[in-house]
Amino acid sequence: MINTRKTHPLMKIVNNAFIDLPAPSNISSWWNFGSLLGICLILQILTGLFLAMHYTADTATAFSSVTHICRDVNYGWIIRYMHANGASMFFICLFMHVGRGLYYGSYTFLETWNIGVILLFATMATAFMGYVLPWGQMSFWGATVITNLLSAIPYIGTNLVEWIWGGFSVDKATLTRFFAFHFILPFIIAALAMVHLLFLHETGSNNPTGISSDADKIPFHPYYTIKDILGALLLILALMLLVLFSPDLLGDPDNYTPANPLNTPPHIKPEWYFLFAYAILRSIPNKLGGVLALVLSILILILMPLLHTSKQRSMMFRPISQCLFWILVADLLTLTWIGGQPVEHPYIIIGQLASIMYFLLILVLMPAASTIENSLLKW
């Protein structure tokens, strides 16, 4: 009997990716975040599509249209809050997914890793532009501050910023183009995610030990499909708890005030998931230096395969590296806290120390620890 699942041109692609895919028998729950990111993306595209049906990308009506969605559209409030808090869940999953890759040495799959970094940048760009759309105070001033950073680029900076703005300030043209980009980018992200998966399936998944699992593979279905469904249920539970009980917990109250170019909010800050990078940007008292540090704080991920000096792939059997990894996590949490604080003593110095520590850990301490661990293994 011929199995259609294995012969049909389209179904066999799905079959080879999600059903008969040989997977390591020992991958832990840290491997759930890839599928959770896929679910987040689908959820964001669907809720975003329904929001776009009622939203108007015009400075005069954008704020009112969001209010209209929440008050007058059937279940508009839940769609809006699922979209806003869905972004937070998306970034939680992203950080966990990247952290897993760093801990278990998954970055040695070069193509998969590099596309992953591009995906991270694309998602950050999408989230930033989405935050501008409600046209509240923080939307407007956030857009002004972040786009203005490009003026630090020598020679072409000012022209570049005005070109992005479509004028001499953040205005109607900026809002319209941000909406256009915010709408198209998730589909580009979806396409890149498929390429990400394509490259992953060329090599097969990594596993917690970092050792080849070719000798012990199990089919993806039913083992990991059921595991992914459990993860998805927990994700949706967490999202709905946030949406239904405290939808504005992660938002900024300033964004409930319509955008006013004549009135600057006392503390301009981005959404919580950008605060670590924002803290690094602010910790350098030079505009160009700050912008470079901001970009490098994410771009440094590209260097991870080059900085891998250990003879072992995973950190599972490397206690010194494990210790440094968790210090790095604590450092990022510190930066996130600092990013949300005003620029005053003692926050300035804490931010500067945490920023130095961030680059020092990744560029110096972790590769050095790996080298030390290599020599410790020679009995």
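Using the three backbone atoms N, Cα and C, a Cβ is placed for every residue, glycine included.
Features reported for this protein in Swiss-Prot:
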type     : residues      : note
TRANSMEM : 33-53         : transmembrane segment
TRANSMEM : 77-98         : transmembrane segment
BINDING  : His83, His182 : heme b b562 binding site
BINDING  : His97, His196 : heme b b566 binding site
TRANSMEM : 113-133       : transmembrane segment
TRANSMEM : 178-198       : transmembrane segment
BINDING  : His201        : ubiquinone binding site
TRANSMEM : 226-246       : transmembrane segment
TRANSMEM : 288-308       : transmembrane segment
TRANSMEM : 320-340       : transmembrane segment
TRANSMEM : 347-367       : transmembrane segment
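Location within the structure of each feature annotated in Swiss-Prot.
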residue: His83; record: heme b b562 binding site; Cβ neighbours (10 Å): 21
residue: His97; record: heme b b566 binding site; Cβ neighbours (10 Å): 20
residue: His182; record: heme b b562 binding site; Cβ neighbours (10 Å): 21
residue: His196; record: heme b b566 binding site; Cβ neighbours (10 Å): 21
residue: His201; record: ubiquinone binding site; Cβ neighbours (10 Å): 14
(message) Between the transmembrane segment (178-198) and the transmembrane segment (33-53), are there three or more CB pairs that fall under 8 A, provided the residues in each pair are separated by 6 or more in sequence?
(response) yes
(request) Verify whether three or more Cβ pairs under 8 angstroms connect the transmembrane segment (113-133) with the transmembrane segment (178-198), leaving out any pair fewer than 6 apart in sequence. (result) yes
(request) Please check if the transmembrane segment (347-367) comes into contact with the transmembrane segment (288-308), where contact means 3 or more CB pairs closer than 8 Å and the residues in each pair are separated by 6 or more positions. (result) yes
(message) Out of 113-133, 226-246, 320-340, what stretch is closest in contact terms to the transmembrane segment (77-98), meaning most Cβ pairs under 8 angstroms?
(response) 226-246
(request) Looking only at C-alpha atoms, tell me how far His196 (heme b b566 binding site) is from His182 (heme b b562 binding site), rounded to the nearest Å. (result) 21
(message) In whole Å, how far does the CA atom of His182 (heme b b562 binding site) lie from that of His97 (heme b b566 binding site)?
(response) 23
(message) Can you tell me the CA-to-CA distance separating His97 (heme b b566 binding site) and His83 (heme b b562 binding site), as a whole number of Å?
(response) 20
(message) I need the CA-to-CA distance for the residue listed as 'ubiquinone binding site' versus His83 (heme b b562 binding site), whole Å please.
(response) 30
